[in-house]
Amino acid sequence: MIGAVLAGGRGKRFGGDKLLYRINGKPLILYTIERLETAKKIDEIILVASKDNAEKLEKLGYRVVVDNLLIGPMGGVYTALSLGDAFVVAGDMPLLVPEFVDFIISEFKKSGKTACVPRWENGYLEPLHAAYSSAFREVLEEKIKAGNYALNRAIREVNPCYLPIESLPEEWRESFFNVNTREDLGKLHKG
């Protein structure tokens, strides 16, 4: 399965390009990529980026696919699925847990559903830490044509496989940690 790392976003809250911000000499996005590489069920890693970011990200040595839609996460997922089924993760999730990725992919394949998404007890979804079938792209295309860019709404409409987060190993939850501000980097150093 493809491991698609979304490298969109403008880093407004962070105050710059957070994905290339260096932590201990290494760009933030590389922490996510390196953890994803150790997931056993990932065959290939691609980066989904805007045209503006593509050249900078190509220097990391991974295949970069350009998201020309620029409509947020839905556009990134849509672009990734043009290459086949994919596990999609945001590039700012440096504590990604490879065993959790493998678990999601296994459950996705067992379920036969279009999407397999972790869900919190309160109903909140983790759509940028989920597995999708390339068939989900057709659903997204309809939404995009209609101007509806809410990824969670599209997911809910396809009767996905939900993974109840509270019933999974607690240590896997660090996988959802994402960096939005420079203060978050402090949490990363402590963790």
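The backbone N, Cα and C atoms fix where each Cβ goes, glycine too.
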Which of Asp43, Asp92 belongs with Leu6, Ala7, Gly8, Lys18, Asp67 in the GTP site listed by Swiss-Prot: Asp92
For GTP: widest Cα to Cα gap among Leu6, Ala7, Gly8, Lys18, Asp67, Asp92 in Å: 18
